[in-house]
Amino acid sequence: MKLAVYGKGGIGKSTTSCNISVALAKRGKKVLQIGCDPKHDSTFTLTGFLIPTIIDTLQEKDYHYEDVWPEDVIYKGYGGVDCVEAGGPPAGAGCGGYVVGETVKLLKELNAFDEYDVILFDVLGDVVCGGFAAPLNYADYCMIVTDNGFDALFAANRIAASVREKARTHPLRLAGLIGNRTSKRDLIEKYVEAVPMPVLEVLPLIEDIRVSRVKGKTLFEMAESDPSLNYVCDYYLSIADQILARPEGVVPNDAPDRELFSLLSDFYLNPGKPQVPNPEEELDLMIV
């Protein structure tokens, strides 16, 4: 099974991805997490350090793929999760999406692509150009990380459009939204009313989730010394269980940008505004 995790930049995709990877490993699966971000920090929470990237390794080997061994690019992380960082070109030069393709090509040459029960792609921000949408070519499911805010849901809608486009030619489905660090879910619910899709989980607004990223530890590792965090781990285990059940998923019908902008902005501009009754509904009630 192959998963692709997307979402607005800074929303907590990598923290979420790492914890889902550990949750899948705790369910007995062999997991590989591939970081698809030039910052190459996707797997930091699993390994505790910035591992060398595939591009760094290929450059050292003068792009002789036959000279690269699995141990050169695959690093063991917490919970037995294997970790790879694609890396990227120098800032302002080259195409990061091309690097993702080279990463998959190398892993296939190493016969590593088919050795895992689950491969999870953690993908750069909300960039949905052809290059960074490449992981959707391989994925069975896409998961979108969001919060209860306007910008994150607007980005989620654009990603949903990419899923719909890729699903035309690939067996790809949207598994659902994951709400990260949010005290409310009312705007999320308003969005999924307009664009029907599952909500896998909504994680609570607790500081430990953010702190785990700084510490370079997953919530599961932190819970070993602080059992009060076990309840947070249960959210990730729930997501893992839902994914392993191979849900039907959806091919989303994204909302037009202007329509969504009006829908979400109206939620803020007119909070608690009573719904205008439908004249036909009023007539029906009178007849009854």
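Just so you know, the numbers here start at 1 and follow the chain as drawn.
Even glycines carry a Cβ here, placed using N, Cα and C.
Within 10 Å of the C-beta atom of Arg181 (ATP binding site) sit 20 other C-beta atoms, taking all shown protein chains into account. The ATP binding site feature in Swiss-Prot is assigned to Gly10, Ile11, Gly12, Lys13, Ser14, Thr15, Lys39, Asn180, Arg181.
Feature annotation from Swiss-Prot assigns Mg(2+) binding site to Ser14. Around Ser14 (ATP binding site), the C-beta neighbours below 8 angstroms that are at least 6 residues distant in the chain are Gly35, Asp37, Asp41, Ser42, Thr43, Phe44, Thr45, Asp122, Arg213. Taken residue by residue with DSSP, Ser14 (ATP binding site) is part of a helix.
Around the Cβ of Cys95 ([4Fe-4S] cluster binding site), the number of neighbouring Cβ atoms within 10 Å comes to 14. Swiss-Prot lists Cys95, Cys129 with the feature [4Fe-4S] cluster binding site, giving sequence analysis as the kind of evidence.
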Among Gly10, Gly12 [binding-site residues], residue with fewest other Cβ within 10 Å: Gly10
Pairwise Cα distance for Gly10 (ATP binding site)/Cys95 ([4Fe-4S] cluster binding site) [Å, integer]: 21
Protein Cβ atoms within 10 Å of Lys39 (ATP binding site), excluding its own: 14
